[in-house]
């Protein structure tokens with residue numbers, strides 16, 4: 001039987017939600033992830049240090065006994081985020097980054113940034129204190145085709161931020177295009193990217209051909225196969241600029257299977273197993289550990305995890321749903337098999 005032992009991985013982008021759902025999301029992600037960058041797009045969002053730290057406490061209260069899982073918190077940037085708030089967040093020791101949501105770009109982004117110039121003072125403070133800048137890289141102009149919004153964001157917005165803040169560490173999150181791969185590859189060492197398992201395993205045909213499959217609908221949206229192949233090549237390249245970020249984003253079954261369904265795919269139930277499938281598909285299992293366990297902490301200037309996990313090449317069937325608070329979530333690969341499992 002094929003087995004792989006790797007340093008315990010981390011998830012550098014996840015949505016844990018809040019309230020009754022928190023118990024279930026934390027249960028799933030803490031099974032073998034050491035740490036996770038927790039997105040702040042709650043209702044209301046974590047726009048200040050106090051809100052982010054009380055959210056940290058709620059997450060920690062749900063970590064199962066015996067797990068060493070540690071949430072890494074993120075500040076939600078708004079037009080009014082002050083340099084003093086950035087310094088206060090950094091001094092907390094638990095908030096490691098601040099997140100740009102262009103207003104209206106994704107779930108619970110209505111409080112986001114309307115004009116980048118509004119956050120330039122905050123970005124200057126982040127550059128000064130060494131706080132990372134996380135970016136949802138899509139424009140929100142309704143005249144821009146949804147499949148082009150990442151590329152246009154990179155061309156019109158991100159390139160300028162990188163030029164204006166050369167010492168700021170920037171993570172372009174959940175990249176979905178060859179354009180993003182090329183930009184990150186060619187940028188300075190201060191620019192990196194996360195890649196999801198579902199963008200490595202699937203493209204827009206899986207979502208749209210032969211019927212609409214709403215559980216593949218996420219933002220940024222799945223792109224064509226050529227972009228999927230570029231993502232696989234980047235993840236398996238050995239480059240230190242790319243690392244694991246699931247963007248696991250649960251929504252209740254009825255919120256996905258609806259006339260106007262929510263954006264987000266749930267992968268926390270089997271994150272590293274799905275990544276193993278993706279890396280195996282391009283004969284690059286030897287590159288999985290760096291992508292999942294080394295590149296993220298190295299970029300964040302945090303220690304790598306000291307312990308290991310073992311993956312076994314053994315098929316198992318994913319349940320049709322998992323509990324999510326007082327409802328259920330349909331996970332990626334629901335009712336189908338996954339080729340790997342954690343021993």
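Yeah, the Cβs are placed from backbone N, Cα and C, and that goes for glycine too.
Swiss-Prot lists 13, 15, 99, 247 with the feature Zn(2+) 1 binding site. Marked as substrate binding site by Swiss-Prot on the basis of sequence analysis: 15, 16, 17, 41, 136, 219, 251, 263. Annotated N6-carboxylysine per Swiss-Prot: 99, in sequence order. If you look up Swiss-Prot, you'll see 99, 136, 174 marked as Zn(2+) 2 binding site. Under the heading active site, Swiss-Prot lists 247.
Residue 263 (substrate binding site) is 12 Å away from residue 15 (Zn(2+) 1 binding site) when you measure Cα to Cα. Look at residue 15 (Zn(2+) 1 binding site): DSSP puts it in coil. Residue pair residue 251 (substrate binding site) / residue 99 (Zn(2+) 1 binding site) shows a Cα separation of 21 Å.
For residue 251 (substrate binding site), other Cβ atoms within 10 Å of its Cβ number 26. Excluding the listed site residues 13, 15, 99, 247, the same chain places 14, 37, 39, 41, 134, 136, 173, 174, 245, 249 with Cβ atoms within 8 Å of the centre of the Zn(2+) 1 site Cβ atoms. Taking only the Cα positions, the spacing between residue 16 (substrate binding site) and residue 174 (Zn(2+) 2 binding site) is 16 angstrom. The shortest Cα-Cα distance from residue 17 (substrate binding site) to any of the binding-site residues (99, 174, 247) is found for 247.
Annotation: 99, 174 are the binding-site residues among 13, 99, 174, 247 whose CA atoms are within 10 angstroms of the CA of residue 136 (substrate binding site). Nearest by CA distance to residue 13 (Zn(2+) 1 binding site), out of the binding-site residues 41, 174, 219, 263, is 174. In this structure, residue 41 (substrate binding site) belongs to neither helix nor strand by DSSP; it is coil. Among the binding-site residues 41, 219, 263, the ones whose Cα sits within 10 Å of the Cα of residue 99 (Zn(2+) 1 binding site) are 41. Other residues of the same chain near the Zn(2+) 2 site, with their Cβ within 8 Å of the Cβ centroid of 99, 136, 174, are 13, 39, 100, 101, 106, 134, 135, 137, 173, 247. Among the listed binding-site residues, namely 16, 219, 263, the Cβ with the most fellow Cβ atoms inside 10 Å is that of 16. Of all Cα pairs drawn from 15, 16, 17, 41, 136, 219, 251, 263, which the record names as binding substrate, the longest spans 19 Å.
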